[in-house]
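Pasting a structure below so you can have a look.
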Ligand code: FNR
């Protein structure tokens, strides 16, 4: 039996295995962008185009990947981005990912619309839990969700603002996935092919939007969807950032920023950090690649708040690229889900191992012993 590192030396190997192992609708949910997948592909093209100029003659080096963000020390500048319906890709995936994150000393950010609750995931994440918020309309409901996340040990809150309206997500529709009703129908159709997966996931599927079940008073998918649509805001305004600043005792990050103007405004209203992202190309097919938006945000903020980056990261070299362009920390979404769908807990561990090991290697090739040295002048090829 080959070891995992030889079977899955790259994230693309985990993705290929995941595609064979999970049903088509779950794969399409995980892997797709929106419209023609232009923004998703552009994230990759733009990252590939960032060239770093190596320096040599520095003697032997051993890179230090550790860093501190919002007062917490992390083992590497990479975290697990929030992914809705995570348990749809693999039963219990949220807890597995949180466990990998805690052991690897990296953040795990639980989505508001995951299939497990903060109470279930918080202990698995230990000191490394973050919570992503889709904003409830009602302040009471908001405070209750926030209290649950905080009491479950999650110390950083990410408010997602880049879904002003649902995106069309044509590939998901073609594959028959919709939160409306399709999830359970598709699961049933899968039972004949992979019964254990389907049964476990169907149990989990009942609890999709698990955090919200408490308020909706139903586990029926259509009822949950209606509750979510009516009681949550798609497009919060700046006063919502201020309200969160009042309600949340920990660090507050705004996720989904692509313009310098929005970055400055949210920091003005009390955000502690700005998360540059185009949602992995899943929302607006004309959005710029997040890596192109990053330097403009970094320049505008000029050190006033840390800048987090995601969208397209598939290698440790990509993390080095983002840090060279001024990011303080990176996240990845799909890579960890590919891992868990390919090989369960061991696959999640392998995804993290690939990203860390490749970042270590990229730093050696580039000639940087610390993460700060990745930003050296002249490091980016013109
Ligand atoms: C997401 N993303 C996301 N973001 C968020 O704030 N809340 C959510 O519930 C979700 N759900 C979600 C589901 C799936 C299947 C994907 C792939 C992504 C976006 C996610 O947090 C992150 O921004 C992107 O995944 C980053 O791009 P990469 O790393 O997947 O290329």
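Including glycine, each Cβ sits where the backbone N, Cα and C put it.
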Please identify which of 32, 62, 111 is recorded by TrEMBL as part of the FMN site containing 82, 83, 84, 160, 255, 277, 310, 311, 312, 313, 314, 333, 334.
111
Return the residue out of 29, 74 that TrEMBL annotates for the same glyoxylate site as 132, 134, 169, 279, 282.
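TrEMBL lists 132, 134, 169, 279, 282 binding glyoxylate, and from 29, 74 it also lists 29.
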Measuring C-alpha to C-alpha, could you say which of the binding-site residues 84, 134, 311, 313, 333 are within 10 Å of residue 279 (active site, proton acceptor)?
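Cα within 10 Å of residue 279 (active site, proton acceptor): 311, 333.
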Would you kindly give the Cα-Cα distance separating residue 282 (glyoxylate binding site) and residue 313 (FMN binding site), rounded to the nearest Å?
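With distance taken Cα to Cα, residue 282 (glyoxylate binding site) is 14 Å from residue 313 (FMN binding site).
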Measuring CB to CB from residue 277 (FMN binding site), give everything in the same chain under 8 Å that is also at least six residues away in sequence.
81, 162, 255, 256, 257, 258, 290, 309, 310, 311, 331
Filtering 132, 134, 160, 169, 277, 311 (binding-site residues) by proximity to ligand 1: which pass a Cβ cutoff of under 6 Å to any of its atoms?
132, 160, 277, 311
Under 8 Å between C-beta atoms and at least six apart in sequence, can you list the same-chain neighbours of residue 134 (glyoxylate binding site), or say none if there are none?
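Correct list: 112, 113, 160, 163, 228, 232.
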